[in-house]
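To start, the structure itself, in structure tokens.
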Amino acid sequence: VFFLCLLAGCSICWFNTVCFVLCIKNFPANRALALSLTVSYNGVSAALYALAGDAISASTSSLYLLLNSLVPLIVSIAALVPILRQPSVDPLSPEAVRSDSIMFLLLNVLAVLTGVYLLLFGSNTSDTSTSRLLLGGAVFLLVFPLCVPGVVYARRWFHHTVHSSFQLRGSGFILVDDDDLELHKRLVSRETSYNNLNGSSLSDDEVCEYSSSSQKLCNKEEDSARCCEKMIEKDQLVMLGEEHTAHVLVGRLDFWLYYIAYFCGGTIGLVYSNNLGQIAQSLGHSSNTTLLLTLYSSFSFFGRLLSAAPDYVRAKFYFARTGWLTIALLPTPVAFFLLAALSNSTAALRVGTALIGLSSGFIFAAAVSVTSELFGPNSVGVNHNILITNIPIGSLIYGVLAAVIYDGNVGRGLKLMFSDSVVCMGRDCYFLTFVWWGCLSVVGLVCSLLLFIRTKHAYDAFERNRALVEPQRNW
């Protein structure tokens with residue numbers, strides 16, 4: 001089992017990295033949309049496997065091992081041909097970019113329908129024949145997106161009725177495409193040089209030093225305020241999309257704020273899902289384990305889809321992606337404190353599971369885009385893998401914490417028949433775990449808020465430059 005888990009962990013890292021790189025290379029003008037959609041479908045695996053298990057043999061738990069060994073292998077072989085096909089190095093025409101945008105819009109609609117379908121029927125416990133029909137419907141929804149390109153090319157009028165209203169032109173992995181990014185860098189460089197020549201880059205300390213008449217105004221309150229500003233402004237990112245090597249990456253404060261936000265946000269949600277079966281058992285909800293698993297999987301799927309929302313609404317409402325990340329972290333502490341206060345309630349357990357799934361799903365999907373925007377799209381393969389080292393570390397730390405608290409309350413447990421193991425039953429088994437996880441998620445929320453404050457100026461400058469670039473591109 002240890003060896004299988006080791007192989008599975010390595011496979012996940014390799015598979016995710018390949019998917020990220022393929023999205024970057026094949027969809028240069030819609031990278032964020034492609035990434036969010038790709039990561040989103042990872043979230044429905046648990047619900048799909050539960051449905052497949054009910055359809056084949058609900059009483060055989062080892063069936064999941066067989067599905068895990070065969071399904072990924074078959075799907076990977078089927079996807080091998082388009083993966084090996086190298087994308088064209090020529091830039092896409094505006095018509096091709098618009099066509100891709102329409103495709104992604106349709107794919108997101110189909111993804112939402114798939115998520116709703118699995119949420120409603122993924123926890124089905126009816127007879128085998130009904131389960132097989134439901135599984136067939138789920139497989140159809142998963143395969144149907146292959147027909148989307150043909151539908152798009154056959155329905156040219158769709159562009160005028162839907163695409164124009166969403167204004168998806170220029171939607172991209174880093175808010176604009178590569179040419180706009182280069183122009184943005186040149187504009188930022190010119191602006192910085194202009195400010196330096198006009199002396200506007202002087203710090204507050206230099207102003208006080210060269211202006212003796214105003215020294216009295218630099219009192220203690222201003223000094224403390226200046227210290228806070230310096231802490232926020234220290235080592236700030238100058239612009240988005242600047243490439244960072246691994247050595248430079250680990251030396252930036254923004255990276256570690258980002259790392260802790262992920263460590264205390266998305267990773268805690270993942271550990272919660274890994275312990276969901278035991279949590280349900282301890283609280284006396286073993287019969288609802290499949291439903292809870294489906295809830296987490298489905299809402300994680302919806303959260304991953306929502307990570308593409310900033311790209312769809314950017315033309316009407318602009319907000320830094322790190323700000324969206326902070327908003328996405330809000331449900332996690334709320335859910336854990338709700339579970340700690342009302343863990344005996346079935347409704348609280350379901351609501352908390354759904355909130356944690358929604359929050360962690362958004363973080364998993366948005367993190368790749370945030371990494372590329374803050375530390376460079378060309379280095380995202382290496383940099384993002386450095387970031388997600390927090391997942392195994394967090395899984396170990398949070399898992400040990402939950403196990404210690406669980407074992408500390410095992411004296412109140414119930415000895416199982418036909419087994420030497422002892423199960424802890426009752427609210428106390430996970431009460432302190434929920435409190436600890438809730439407090440740690442608050443730490444992640446604070447770090448995410450600091451990251452947003454420190455990067456907001458870079459996002460604002462990027463959006464201003466994009467607004468300048470867009471009329472030139474249209475002309």
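The backbone N, Cα and C atoms fix where each Cβ goes, and this holds for glycine too.
TrEMBL tags one of the stretches 133-154, 155-176 as transmembrane segment, and that stretch is 133-154. Panel annotation: around the transmembrane segment (387-408), residues 9, 13, 255, 258-259, 262-263, 267-268, 270-271, 274-275, 278, 282, 367, 371, 424, 429-430, 432-433, 436-437 of the same chain, lying at least six beyond its termini, place a Cβ under 8 Å from a Cβ of the stretch. Scored on C-beta pairs under 8 angstroms, the neighbour of the transmembrane segment (318-342) with the top count among 33-51, 101-121, 256-277, 289-306, 354-375 is 354-375. Here the transmembrane segment (289-306) has Cβ contacts under 8 Å with residues 36-37, 39-47, 50, 108, 111-112, 114-116, 118-119, 122-123, 125, 269, 272-273, 276-277, 280-281, 328, 349-350, 353-365 of the same chain, all six or more residues outside its ends. Note on the domain 'Nodulin-like' (1-149): DSSP counts are 121 helix, 0 strand, 28 coil. Residues 19-20, 23, 26-27, 64, 67-68, 101, 104, 107-108, 111, 114-115, 118-119, 121-124, 131, 134-135, 138, 142, 171, 173, 273, 290, 293-294, 296-298, 300-301, 303-305, 307-308, 311, 357, 361, 364-366, 368-369 of the same chain sit 6 or more residues outside the transmembrane segment (33-51) yet have a Cβ under 8 Å from a Cβ within it.
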